[in-house]
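Trainee: Found this in Swiss-Prot, in case it helps:
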| type | residues | note |
| --- | --- | --- |
| DISULFID | 120-424 | disulfide bond |
| REGION | 148-159 | region 'Effector region-1' |
| REGION | 169-318 | region 'Effector region-2' |
| ACT_SITE | 413 | active site |
| ACT_SITE | 415 | active site |
| REGION | 570-631 | region 'Adenosylcobalamin-binding-1' |
| REGION | 690-729 | region 'Adenosylcobalamin-binding-2' |
């Protein structure tokens, strides 16, 4: 029997559209239309919101493994009812799956690529076996350990649109053997290739010229790259592995890579979307990586070398147009070369921008001042406490030795602690909106837990991932718009004050936060609802319960859809101008102008138009409202600790902002919360002083004046013109303050 497929009835969708109004933020519909609405060739337009939600929910509900094995009528009925509930929840924007799911779920690409629904991944940079994976170099057996494997994993996941955290701590880097030899790399290309001239300028060699003097020789390895993602990965793997005797069985020192078949710049990429970069970025990457490896011949790679290789891979992937490479490098806290590697401005601008860098610590670590000094200068490194992640769920639940003992790092935004090869798996509920729309919050979080659980049954491409996902079934149910919800529901922020206390280990005076007990009780109840939902569904599916369940994701672009505060973060300002950049040919622009939005040419990027959106935060007029520009660094630390203690058993993504006069508090606060925060990062608060800044705080009066100029609904005006175009995106989006997340 073929798999049964659940679909949502058009009559149900039509009725829901009458009953439920999506909670679009001021930027919501425009952001959706240019980020997550897929092009429909048969209708010559991009999706509408109900079509996107239908695709996403159907793509998810049909992952339930029971549908593959003659499901009962009861199961079909229950899953159909659940799909309807999910549709209502997401259509109303009371909750959303991750941006990755909004873009990919329910597509043919999802069916072809088992990894496609997971936003981000983690891999340890040490020799590993490829195993029974979709990519295995022909010169290796599946069980052969190879230095190239983690780099191949990273390259593959980045090209599939995922972000990757990677670990270059001493314990991993020390496992890489010394490089045995240099490799003479030649990249050849046929004259018939449209990329011929551009490739020669970057150091490639004419194929016919090379054949004249080399074809009869036998001292080289030749590999012709197919025009596939896997071909790029395998070329890089061969280059890396040839430097090591254990993975160079022919013991040859010359590598010839033929790029003639790679599609040219501008050609369409089927599947994920976008247009091709041509082979030029790959040529640069391969030569750059080979230079790093050759310079280490006879020695061992350093953490900086490995990070450089990963950054060069990330830089190459960025050139693929629709993708934005997201990396987090995790190094040892005593490695000063790693901590200071971005101070080399030449290499920073060339490729080291491609990762956010953090250091791995434990709770005994106390040398925070050098970290604080570095943060003050360039906003890095972030801090990841692996000891807490391995031995704690929620801090409230106490020490549980090895409860997550295989954790080695995090995803790029730091909200999910991950084992080697493991992905994050995210869904977020906006309690502020869910309550307004009449949802029982526990029911909303239950639906979120079941959605993420189904994602773990995807047919994953890499053996290392399949094994750890099958074991851990990790999910990440997030709440977002937290500041809006707490202030609207409880009338004040979660931190009601501070009391003087003494650090039991150092004897120093500290200020302990005081939390509202009603908020503690509410959040704890929602956590239990997620755990109970996972337990019940795991029994239905006969699989392991999830090792961890909850998180707080940064929620940049997705929060814009619903118009709520991002994750746990405070609004940037009570009132602000948010500037969004559009390609100058975007047919949305006339609709925006007709509705009264201010537009002007972008001063930084040619052929780009900057549009100003006046934004008012929820509760902006409340006496208890605080923004990122007014809330203290101490309250932000305390708020993150609250969520780690009572809500998140994974971690909490937070970029704490600080004013110049608060910089001396960074090291003491990192030390104070060493037993309560699993990962964090900090950035100075800039306040939008740049011309055409993405966010510019403004007064209430200026907001009201700008808002009064807006006279129409962009969605309605745009649909009346019916002039949509394929392949348009917003220019230079950022999904969170530190730019760590892929947008979709």
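From the backbone N, Cα and C atoms, a Cβ is placed for every residue, glycine too.
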Trainee: Looking at 148-159, 570-631, 690-729, which one has the highest count of Cβ pairs under 8 angstroms to the region 'Effector region-2' (169-318)?
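Mentor: It is 148-159, which has the most Cβ pairs under 8 Å.
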Trainee: Between residue 413 (active site) and residue 424 (disulfide bond), how far is it from one CA atom to the other, in Å?
Mentor: 10
Trainee: Got a sec? Which of these recorded positions, 120, 413, has the most Cβ atoms within 10 Å?
Mentor: 413
Trainee: How many neighbouring Cβ atoms, not counting its own, are there within 10 Å of the Cβ of residue 415 (active site)?
Mentor: 30
Trainee: Let me know the DSSP-derived helix, strand or coil state of residue 120 (disulfide bond), please.
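Mentor: Reduced to three states, the DSSP call for residue 120 (disulfide bond) is strand.
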Trainee: Per DSSP, what is the residue tally for the region 'Effector region-2' (169-318) in helix, strand and coil?
Mentor: 66 helix, 27 strand, 57 coil
Trainee: Quick one: Cα separation, residue 424 (disulfide bond) versus residue 415 (active site), in Å?
Mentor: 9
Trainee: Determine how many residues of the region 'Effector region-1' (148-159) DSSP places in helix, in strand and in coil.
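Mentor: Helix, strand and coil residues of the region 'Effector region-1' (148-159) number 11 helix, 0 strand, 1 coil.
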